[in-house]
Structure formats: C-alpha cells, structure tokens
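Undergrad: Before I ask anything, here is the structure I am working with.
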Amino acid sequence: MDQDAFILKEDSEVEREAPGGRESLSDVIGFLDAVLSSEPTDIGGDRSWLHNTINTPQGPGSAHRAKSEGEGEVSTPSTQDNRSGEESRVSGRTSKPEAEAHAGNLDKQNIHRAFGGRTGTNSVSQDLGDGGDSGILENPPNERGYPRSGIEDENREMAAHPDKRGEDQAEGLPEEVRGGTSLPDEGEGGASNNGRSMEPGSSHSARVTGVLVIPSPELEEAVLRRNKRRPTNSGSKPLTPATVPGTRSPPLNRYNSTGSPPGKPPSTQDEHINSGDTPAVRVKDRKPPIGTRSVSDCPANGRPIHPGLESDSTKKGIGENTSSMKEMATLLTSLGVIQSAQEFESSRDASYVFARRALKSANYAEMTFNVCGLILSAEKSSARKVDENKQLLKQIQESVESFRDIYKRFSEYQKEQNSLLMSNLSTLHIITDRGGKTDNTDSLTRSPSVFAKSKENKTKATRFDPSMETLEDMKYKPDLIREDEFRDEIRNPVYQERDTEPRASNASRLLPSKEKPTMHSLRLVIESSPLSRAEKAAYVKSLSKCKTDQEVKAVMELVEEDIESLTN
C-alpha cells in the first residue's frame, strides 16, 4: 500500500467525520499514530527519513499533549497564559483551509514527529503555571516487555549496529530526534520551542541542551523522587542511595560538573533512563560522573576504604609494642619515676595499667580508649594528691593556731611570774636592808632573816646648795647650820629658831615665815629624792612629828639610806 496515499486518505476521512469540520493537526497525527503502531511492518525499509529535521506549522503559543496506551503524559504548557490541558489542545487548532493545505504535504517526517515525539521525549511533566501535581510515575511499568540491559552493553551494541537506533525509536525505545540542531527559544521560558525546552531523554546520546527550566519546590521534589533507585521486575533487592557507594544526589541550584546553569535542575542518568514515558533500563555497573566527588571515603560499616594500610600499621604496632614498653620503662627509670623496669610491668596502679594497655593496643580505637583511661586515671590521682595536700595544709594551719594560743597563754603566765618575782624581790630588799638597823648588833629583837652583803659607806662630794643641809661634818658648812656656843643649850632648835636672832643668815629671811627654815629645807630634800610618793609622804609626816634633833637626825638617816639604795 502506498504510504502517502494512506496518509491522505485517512486525513480526508478524519476531516469528514469531524462534527464541526475542523480538527487540530495533533488529533490527525494521533489517529495516524494509532493506525501505524498496529502495523509497523508496512513502513518501508528505508528509515533515513527518521533523522530529518522536524518542521511543523504550529504557532508560537501552542502546546502538545498526547497520551499513549498505559504510559505517562508529556505536556509543555505555555507561560503566556496558564490554561489547562484541554484549553491548550484547543488553542493549537488551525483553520480548515490550512488543515486541507497541509494535509496534502504531510510526509514521513510528520508521522515520525507524532510517533517519536510521544515515545522518545523525556520531559519533566510539571505544570509550572498552575503548580499542580507533577504526574511523574514513581515506578514506571515495563509494559512493552523489552529486556533491560546496561549502558555499556547498549553502547557497544549501537556502535556495532548504527541502524539500530532508528529501529529502537520506531519501536518505542527512548531516542533523541536526530538530524538537526536544537531550535532556539522563541518565547519566554522556552514555551514556544515545540516541546524542546525540556531536557533530552536519550540514554544513548551524551548531548545536553542548555535550556532553562524555572525551578519550583514541586519540581525539586519530583527530581528527587525520580533520582531514587527503583526495584527491578526480577525481584532483586532494591538498591538505595545509602547502600550504593558510587552515587550521590546532586545538590539543587548549584553548578554541577556538566556546567548546567543554576536555574536548571541537574539531569542525572536515572532521569534519562527511568523517564515517565520510556521503559526503565536498569544500570548495574554504574560509575560516578566525571568531575563529581565520590560520595564517601568510608562505607556503611564505618571503616576507611584502605584496609591494607590499617592492617599493615596494626601488624607493625603489634610488632613494636614490646620494644615500646621497654623504651617507656627505661625512660621512666631514668627520670626517677619508678625504681626499675620490672616495677612498670608489674605495677597495679591505674595509670601504669592503662599505659601498658595503650602500648599494647592493636588498633587506633583501642589505643584511643586506653589513652583516655590513662588521662582520666592520672587526673584522678592528681586530684587525690591535691586533696591530701589540702588536708595536710589544714592540719598545719590548725597546729599553728594552737601554737599561737599556747604562746599567748605562756606569755601571760610569764608576765604574772615576773610581777610576782618583782614583788618578792622588793619584799626581800626591805627585810635585808631595814632589819637589824640598830646600834647593838647583838640584840635579838629585829634580827634580819636574810644576811646580805654589807654596804660600804662612801663619802660623796656634795655641791653647795643653800636649800640643802647635811648633819655630817663638812669642810664648808652652810649658813643655815651654824655652830655656836649656844646650840647645845637649845633643846628644840627647830621650834626655837622662829625667834629673830642676829645669828640668822640672810638666806633664812628669804624663806616663808609660816614654816621654820630648817623644816622647810628638809621637806624639800625629801620631796626631791627618787623615792616613791607614799614613802615621801610618810617621811614628811614622821619629820613633822619629831620633837628633838635626834629624832630628826634618825629620820634623815633613813631617807639617805633609801636614796643610796636606789641610786646604787
């Protein structure tokens, strides 16, 4: 059957069956898609027309929406007006004369455009204008039943059979439209690029179109859900990003290794392989993309990825622990911490035990544990020593305070003893000096109880003083005491001197007349002496009671003895 004639015949039948006589070109192409998919063997062997440039008479504000049996939807809504999918279909209609004019010129390219565009494009089905549900299938079914294979196997197969790509695309496998360059964006946000503003969905081609897609929270969630690993139909254990060490979910809104702009979510291999409209191809041997950092240097078990280095260092540490213990024991012995190396090995102290265990550690974790124990035990021992020193200082302080108290009480007791001793000495002095002061030494009346050394009478050169008188024989006698022939006849010279006599000197006239001059001068001698006040008062009182010159002489002798005893 002639293909062009079949297309024109079906197109004319569709136009006649339309209720209003006007149908959009997408409905015609969708009908042709259903007819052609039932009989794929009628298409000729020449498939070079599949790689030609697509030219469609759609306007800049149109949007394509199609559905295939059992598969997801692919929609590119316009950013100029936020309309629903049904309104977008109506907005893409053309007039009846235009449909008739283009119906005669439809060729194999339009047929491929309708058929391959539904099965080969991989787009993020997200309504950016309405912000509705993205409609991305979490686990797209493997409805066509094609066997899943790895990327490397498919690449080798495609390199061996270059014509197989066209066959895969005709049969519904994902393949990018080939034969021409990508059209530039004509509208805002790439809405008028005839569905090419979305990311390419080919798993065989490495080309990435740098078209911007405005990100949104729903779009990011959709990309994250798509990047999750999906379980295969064979019932194998599903692989998650946590158990696969070579994959990492790329961060959003950042430049990745492919150089995509920040506004575009990064496209991963899962996005090309497990698209909403294409059968998911399980990739078993997945390599991380070039330019991206490996996810983790340590796997899930928590150990580093270089077990050889750790085992070597562990063996080396086991071999060296004996020598390390010997060196440590030698060092402690040389520093004077311990007496001998045997004491370090046999000591039961916590610090020494942890030190030996740290030196015998097989790995870093055990060594860290033992070093921590060593530090804590040393801190505990130092804290204990600090407490002991505090207790010792407290005891020393208490003893010092007790010593101060004892010294204070001793000093007070010593003062009391000194005062008592001085009083005893004064009493003894009175007994020895005053006792036995009589003319006859043989009298038994007032014999001294303590015999002291006898005093030697010393003659003192006394300076002449008119207010002073002496009863001893002096070379120069003062005028107050004058020897004359009448003196022996006077019984009481003190009381009889008040009479004015020519024998009186001129110095006696200068003294007050209320008191006798001799008594006044004697009282001055007593008061000017270094005796105590009580003694002075007693001597003055006894002197005033004297009746004769002998009594006055005896009193003055006692005064002179006391003065000499104090001065000597």
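Even glycines carry a Cβ here, placed using N, Cα and C.
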Undergrad: Annotation phosphoserine per Swiss-Prot: which of the candidates S216, S447 has it?
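TA: In Swiss-Prot, S447 carries the phosphoserine label; others show none in the record.
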Undergrad: With respect to Swiss-Prot, which of the residues S38, S449, S528 bears the note phosphoserine?
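TA: Record lookup in Swiss-Prot returns phosphoserine for S449.
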Undergrad: Test of record reading: of S68, S88, S134, which one does Swiss-Prot tag as phosphoserine?
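TA: Of S68, S88, S134, Swiss-Prot lists S68 as: phosphoserine.
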Undergrad: Which residue from S257, S275, S513 is recorded in Swiss-Prot as phosphoserine?
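TA: That would be S257, per the phosphoserine annotation in Swiss-Prot.
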Undergrad: With Swiss-Prot open, pick whichever of S125, S182, S205 is annotated phosphoserine.
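TA: Looking at Swiss-Prot, the phosphoserine feature maps to S125.
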Undergrad: Report the mean pLDDT of the predicted model across the region 'Interaction with the nucleocapsid (N-RNA)' (479-568), rounded to a whole number.
TA: 74
